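> Sharing the features that TrEMBL gives for it:
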type     : residues  : note
SIGNAL   : 1-16      : signal peptide
DOMAIN   : 49-414    : domain 'Acyltransferase 3'
TRANSMEM : 139-160   : transmembrane segment
TRANSMEM : 203-222   : transmembrane segment
TRANSMEM : 353-371   : transmembrane segment
TRANSMEM : 422-444   : transmembrane segment
TRANSMEM : 594-613   : transmembrane segment
DOMAIN   : 664-1055  : domain 'Acyltransferase 3'
TRANSMEM : 667-687   : transmembrane segment
TRANSMEM : 707-733   : transmembrane segment
TRANSMEM : 754-773   : transmembrane segment
TRANSMEM : 845-864   : transmembrane segment
TRANSMEM : 971-992   : transmembrane segment
TRANSMEM : 1004-1023 : transmembrane segment
TRANSMEM : 1035-1059 : transmembrane segment
REGION   : 1079-1106 : region 'Disordered'
Amino acid sequence: MLLVTLLLASLLDAGGIKRENVIISAFSLRRNWARLRADAESLLHRDLQYIDGLRVLINHLVIILHIFLIASAAPSRNYTQMEDVTNISAIRIYLSSNAYLVQIFFTIGGYLLSVNFLRDAERAPIDARYVGNKILNRLVRLLPVYGFFLLFSVSLNVRFDVNVNGFRLFTAENAICRQNWWANLFFVNNFLWPKELCLMHTWYLAADLQLFLMALVLLLVIHRWPKSVGAMFFATVVASFVIPAYITHQYKLHPVMPAKLSEAKFLTMYDPWIRRIYLPSYANTGCYLYGVIAGYLYHRVKNYKLQLERSSLYRTIDACVTPVLVAVTLSTFLWYVIDVPKPNLFVSLYSALYRNIIGIFAAVCFLRSIDKPPGFVRRTLSTKLLTTLGKLTYSAYVLHDVVMRFLLLNENFDTVVSVPKIVASVYGVTVVAFMCGLAVFLTIEQPMIQLIRPYINRLCPYHRMPKLWQFDDYDECLESPGPDEPPGVYCGLSVVLKPDNRSELWKLIEYKFKDGILENIPTYREAYQDVVEICVNKELNDTYGLIAHSEILSCDKSSDELVIGKCTALKRPFWVIHFFLNCFKFQTTDALDMSFLIILCALVCLVVLSSWYDSSINYKRSSEHYKQPLEGNRKSVWVSFSIQRNWYRLTSRSRDEVNQKLRFFQAFRFLTMTLIIFGHAALLLALSPTTHSEKLEKMMHNVGSMILTNGVQITQTFLAMSGALLAIQFCSFAEKRQGRVSFLYVPVAILYRYVRLTPVYGFVILLHATWLLKLQTGPLWRWGAETEQAFCRKNWWTNLLYINNYVHPDEPCVQQGWYLGTEFQVFIIALIVLVTIVKFPRAKIAVLGLVLIAAYILPVFFIYHQKLEGTFVVTLEAQRYILWYDKFYLQAYIPTHINFGNYIQGVLTGVIYAELRKRSINLAASKAFRVVWYLTFLIIPLSMLPSYMFYVNDFPTPSLWMAVYFAVSKNLFGIGLGVVILGCIYGVSGVVKRILNYPFFEPLGRLAYGAYLIHPFVMRYMFVSVRGPVHYSDLLTLSLVFGATVMSCLMALLLCLLVELPTTALQNHLFGGFKDKKSNHVDPEKGQSEDQTHINPGFEEKKSDL
């Protein structure tokens, strides 16, 4: 079956039929030959390719040793002569030093594991998936070939029992393998059990895998606690000497490998020295460990410019290791002629040195080659022939034992063992083993690796990928150059990989800024494009074997760099302006920048003067003065900016019955604002440089994470709350006027709302258009701040007209302002609906019904017509540019016709409450409503989970069922929140109501508008001003969220006292003629008199984006 598969796959591949098929690609002989002949792609592999040649050399020496062992076990006429040869000192030295061979293999294994592990740790986080991937790939590398010949040993090899030699060589092996195959399969055949060993030479595979696992644990510990590296290496080195010394002392063993022909007839299977100190992995830890240490030092030298020559310890080891190795090797024969009583401390110490010295020597040789140009030996080992044969060494090693058995099958009992015959056998076995290894490589090893490894790599492919973010040192690059040196230039660029179907890595695996968005980009591209593309491609090709197209996004120049100077408050007019200019010196500061400073200074002066005036007329020196309105409009205008009066307006609580019932809305505003910041933190994490971007990708494939990714629906909570508050206040207003509300009231209310929203909004827009870019630096800062500045200078008018969710939404200024545009537009619609149902009360049900039907039909129509998914599928690709160009975001997330359903359902909630209040119905007394109210808290989160199906399936569009699902799932928030609002008003849960009515939520709720506007400003500083990739954990993310919440509220407090509350006070005087006169008592809840019964649009807050 295997041969048929190989033949068909090769023929189909040669004929160009279904070449991309996985099976054809894996079993095609042509492709596997190309893989065998392929050159090393990465710089690391090219730097270490001499190790392949070293493997071939060591493998050849192992074959020589095993030939000599087999020859010693073969029936021969000159056995006495062989004993005489064995007693020669030089032969004893040679035989004893053969123990070094496998030790070198171990050192190579530890060296490569360490180098690759540390390289992977630089690219991506090391976690359980990575470890599992590493182990599984190791098993995939070993098991197919190993399993095939293990199966041969328990089945077909008995057929070669054609003579006495056949019985000894095959039938006996078959019996042992049938009994102890499990020890091989579980890689434990190097321990004292079982007593007989199947495929004895494969003990090395078991020991190597066990040492691999132990070294992997050591590297994980070092990676987790890098400061412990010295202590860990010291402890393990001590253990690597103590273990063989203890074993030698405990079991009274010979210190070196014994050369006994008496043990050769059983292939040394029962020799105590072999079984106790040569085969077990714990007795071989030293050489593997020295390879790990060498790999660690290689990584430090290559990546951190470590100077080994400066270390006295390294110089001492480098100078001593070769003489000590020679001395130990030459002295091994003495242990055959001198009978030292055992146990003996000196014997144990010598044994420890004998077991470790070759590993130290090999590790030092690896370190010597790091920075030195290749000499004759390295160039020879790196030749194409040896590096190609190096890929066959594993198969050749497993096979050579079988080849030797066939070689001895037809040997006579009276054969003569001679040097020429041994030499001929050595090269015959070597050639045949590598030829068979080639066949096995092409037909078993590579096909199985190509077939299975992709499935394993899908479990954890990220450590193999190029980094999503790579930074050079920003501050070092932009240090002030010398007088004769050119300025340093730090460029940010996007890199797009070029497809390469020959690359395995590619198989696991643009929007651009328009010219003019970032300053001088065409000039920088012309000057530096070629240079950075060469540098990027060199690193990509050296490290990953990939090439890419790169395009500069932004550049910072040291001559343009922000200069932080000594800040002094100058005694001059407008000293605040000079304060900023002396602290932040830039080449360009235009009129718009100056206008912001002038406005800021004017506001500060107004607050100071108004506060002084308010304090000066407080004749009683009582805090009650600031809580009461002043007589006369002139005085009231003068104290509008008073910080004391506005502070009481911010922190006081209302005594009005209706406002007390609705007080929980302040808690809703603040808590929802916190959730918005959490959602925006997740968004900014996706575009911030992280060391483990794969965590964000995996989140999209987790059902539970749908609650987070569907957090984009939190805006519907604000819309529903705003609609409910508008309806409640409007119904109260209409009731006081006995239903006499004209449509002329609509433009007045719109103007009132515009004046309420715009001052703070405009101030934040001006801040983003001027000083945002100048307040910070960093590799990503221009990308994250200059885009905002350019968009605000270009599209500010769309924000102030509240049409920014339709006009230029792909170039947003104050991007979170899309919600204000949507809410302002739907406010107008809702206001017209409310006036209509008040003027025509009999048409109330019909009007509300038509509007609700439209709220469901319109989203269904647009989702179907625009061929969109059934939910907002949040992708990392879309988040790269903060959703600016995402089709779903632009067409189905921010438009008013998609969002007005929940606002209207909020309006319906307010109308229902007004009707219930008229009829004196208490919903808290209804058991059915109480059950529904409690279930709502469970149903709303669970309703987000079905969105997972859109992340794992690619459904065809347009689809009617997806359009309907979208409308229902989106508007479900309005229904659920309506139930929650009514339950909170009527106090279904006393505990919840008391928590939500806690006093500190009052000022925090009033700060929500300012916090909503300013929190992206704060989060830019926290996320976009980083100098390099950051390892974000869940705990750190929560810390950033809480930090951003606190800072946003503090900045919102400044906005509130400087702009929002003063302009609201002025607004109350401006619209005073539209209010009925009843009393002159100040309602601290609103900061206005109780006779102001008009709709306070500030009561329906405005907030959110995600």
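Here the Cβ of each residue, glycine as well, is placed from N, Cα and C on the backbone.
Given the structure is predicted, the values throughout are model-derived calculations rather than measurements.
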> In terms of Cβ proximity under 8 Å, which residues at least six beyond the ends of the transmembrane segment (1004-1023) contact it?
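Those are 650, 665-670, 672-673, 676-677, 680-681, 684-685, 688, 760-761, 764, 767-768, 772, 775-776, 784-785, 814-817, 819, 1040, 1043-1045, 1047-1049, 1051-1053, 1055-1056, 1060, 1098, 1101-1105, in sequence order.
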> Below 8 angstroms Cβ to Cβ, which residues of this chain, lying six or more residues outside the transmembrane segment (971-992), approach it?
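Residues 661-662, 664, 713, 716-717, 719-721, 723-724, 855-856, 859, 901-906, 908-909, 912-913, 916, 922-924, 929-930, 932-934, 936-937, 939-940, 943 contact the transmembrane segment (971-992) from elsewhere in the chain.
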> Where else in the chain does the transmembrane segment (845-864) make close Cβ contacts, counting only residues six or more beyond its ends and a cut-off under 8 Å?
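Hits for the transmembrane segment (845-864): 833, 836-837, 870, 891-892, 895, 897-898, 900-901, 904-905, 907-908, 911, 958-960, 962-964, 966-968, 970-971.
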> Just to confirm my parser: what is the rounded mean pLDDT across the domain 'Acyltransferase 3' (49-414)?
88
> Three or more CB pairs closer than 8 Å, sequence separation of 6 or more: does that hold for the transmembrane segment (754-773) against the transmembrane segment (667-687)?
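Touching, no - the transmembrane segment (754-773) and the transmembrane segment (667-687) miss the threshold of 3 or more Cβ pairs under 8 Å.
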> For the transmembrane segment (1035-1059) and the transmembrane segment (422-444), check the count of CB pairs under 8 Å (sequence separation 6 or more) and say whether it reaches 3 or more.
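Output no: the transmembrane segment (1035-1059) is apart from the transmembrane segment (422-444).
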